[in-house]
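TrEMBL annotations:
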BINDING   Asp100, Asp102, Asp154  Mg(2+) 2 binding site
COMPBIAS  528-537  compositional bias 'Basic residues'
COMPBIAS  538-549  compositional bias 'Basic and acidic residues'
COMPBIAS  554-567  compositional bias 'Polar residues'
DOMAIN    8-201  domain 'Poly(A) polymerase nucleotidyltransferase'
DOMAIN    206-351  domain 'Poly(A) polymerase central'
DOMAIN    353-529  domain 'Poly(A) polymerase RNA-binding'
Amino acid sequence: MNYQKVYGITGPVSTAGPTAAENKLNDELIQELKKESSFESEQEASNRIKVLKILQELAHEFVYRVSKKKNMSDGMAKDAGGKIFTFGSYRLGVHGPGSDIDTLVVVPKHVMREDFFTVLDEILRSRPELEEIAPVPDAFVPIIKIKFSGISIDLICAKLDLAQIPQSLTLSDKNLLRNLDEKDLRALNGTRVTDEILELVPKPIVFRIALRAIKLWANRRAIYANVFGFPGGVAWAMLVARICQLYPNATSAVILNRFFKILSEWKWPQPVVLKPIEDGPLQVRVWNPKIYAQDRSHRMPVITPAYPSMCATHNITESTKKVILQELENGISVTNDIFSNKKTWSDLFSKHNFFYKYKFYLTVMASTRGTDEENLKWSGMVESKVRLLVLKLEALPGIKLAHPFIKPFEAAFAYSDETECKEILDNYGSFKTEEQLSKYKRITEENGQEAKDEKKCYITTMYIGLDVNVEEKKEKIDIHVPCNEFFNLCRNFNEEYQNPDVYSLIIKYVKQYDLPSEVYEPGETRPVKKKSKRRKQDKSAEFSKKAKSEAPSGTSQGSSIAEATQA
């Protein structure tokens, strides 16, 4: 009797093996992924291993130094250990060229979180391989972002209630979570979830190819970014894993088609789970919509398998849910055409049309007159709050959709005085005025070294596409209130950000035809203003032109809904 292990909380939909045609499509999928540079070279893989080896040595040195400060003997300090674990795409085996490595540093109980941001920070800064560093101690999961030997690494830290952390340690035992605070639990969750996902899929190779394809598709369609209210890497991994459980013998090509079909028809907010949600030894919150109102508010819940189970998609808003469902519907159509030989896999990975899709866009410009590190901290904080602006906007009558773009645009200019800096900020972000910036030196990787002693203005720009209700022509959409609330939220996040000489935030709207050239790639045709016989037909909604009391001088009339500057 053939016995096949059942994966997941239900039996499989089909245990059928692949046909010759499906195998052929699968081979074509792998070739397309190679063509799209989804796989990294052996040299890059080798470099990552070397960097992780160095980080392990630094983790050991970090624990040793802290132990010595606590008056431990040399032998005890060395035995205290310290170990790094990877999680996310690298641990799942689906990372590509240029991907970052999510890395967890596990330390013994006498090492504090403050030590991570002082002692380890100091150790990292002393290394010649370090290119960039940005500590974010106030993040939901406190993190140090670094670039080390050309590789981006997100470092987080967790301490266990153990006196020593040996190299043989694994994190599968739930009892290791005893006596930990919430931040440590969240930090450990990444590695524990990644390891469980790999154990819960029938065929890891099929899962990895399918997940590479979904990650590429979600990036191309601009729906891959947890911070902006879309599923992140772990959520997409769990969604693919669930389809693999339902079709345990299918090829990656078939998994993709079923992925789009099943998830577009899913009865949200019914959760996607990979195994029954379990209890454990801790008095901690486990995802449960029957008990917690906050859990009931999750629109597309995808639940992590490792105890304590959490929702990986709590950031999804009503607008981003609509965008995701539209893309899943489109995915069914394209993969059906691929299976009937009307289209090829390259059609699935075609680029989004975000900057052609809406008539109005809101731009959120975080600028810093200071160091690169100050810029990374300020822009990163503003970026992490954009989702809250989306929630405020989509609640307004007259706005059907507030669609955030998943990638910020970065720019830096050299300037000599405040007048020049103001001119740069006034003219940046609009096609109409971008020519004015040609007289300023734009800082690039090539000229960055020679401009290191010049004063720099860093600008990070995020875009939100607005789908406005055109049925009521007379309806006014006044968005200055949510914009001002968002501005105050960012400015008051901590005292440091209230310094107008260093940090500023400008929020304004542009029409599609006035979007700056940088949002279009070479070869793309930028939209042009449509000529209309009657001007009234050209107006889909009348926007209030400026925020009360916050309209700066030097901005062309009608280019701004709400401008907020820390001046």
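Note that Cβ sites are derived from N, Cα and C of the backbone, with glycine treated the same way.
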Other C-beta atoms that fall within 10 angstroms of the C-beta of Asp100 (Mg(2+) 2 binding site): 16
The domain 'Poly(A) polymerase central' (206-351) [mean pLDDT, rounded to integer]: 96
Among Asp102, Asp154, which are binding-site residues, the residue with the most C-beta atoms within 10 angstroms of its C-beta: Asp102
Shell of the Mg(2+) 2 site beyond Asp100, Asp102, Asp154, same chain only (C-beta within 8 angstroms of their C-beta centre): Gly88, Tyr90, Ile101, Thr103, Lys145, Ser152, Ile153, Leu155
DSSP-assigned states of the domain 'Poly(A) polymerase central' (206-351) in counts, ordered helix, strand, coil: 75 helix, 4 strand, 67 coil
